[in-house]
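Participant: Here's a structure for you.
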């Protein structure tokens, strides 16, 4: 576990100018990107709409993880790209549920696919964490559950502005206000960063991989 000094340092770092500017940039990107996706030229083309929407999920996932770890060396880009992949790959469940590679079928489902159930996120994250602990991978890959949590949660929050959050088996919420989506997305990297410090994950990342955290 992190010491009190490390916890205090985490709090100060998370309020740094660089970190706050990055979060403001992320919030601005969310606002502009989702407004641009409403343009008729995008909305009238199913493939363009789907690819654009998925690309925004990908960028938000990458940006969020970049805020968490900072970009200090070339290997950091690998993690950032992985975060973007995790944020966008969720939508593959549309095709799995439809049982077809047809985009029309994937967009005309009778219900929401299983990876869009928000209670799946803590289930998968905790399962991954326990699996890594069992196979003694918790040091080398300690960042992975957090990356998965941030990437998938950002995807669900963004989808929530249209459909609400599906909290199976408890039902779903009303659609999230756009302003709440922007605030949660911008704040999520900082919230995770705090908890990672409190649990010692950040110190483990630094000692094992030489990652210099600047959030």
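Cβ coordinates come from backbone N, Cα and C, glycine included.
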Participant: Pick from 77-97, 140-160: which range does Swiss-Prot record as transmembrane segment?
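Facilitator: Within the set 77-97, 140-160, Swiss-Prot attaches transmembrane segment to 77-97.
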Participant: When Swiss-Prot marks a stretch as transmembrane segment, which of 52-72, 178-198 is it?
Facilitator: 178-198
Participant: With the ranges 30-50, 114-134 to choose from, which does Swiss-Prot describe as transmembrane segment?
Facilitator: 114-134
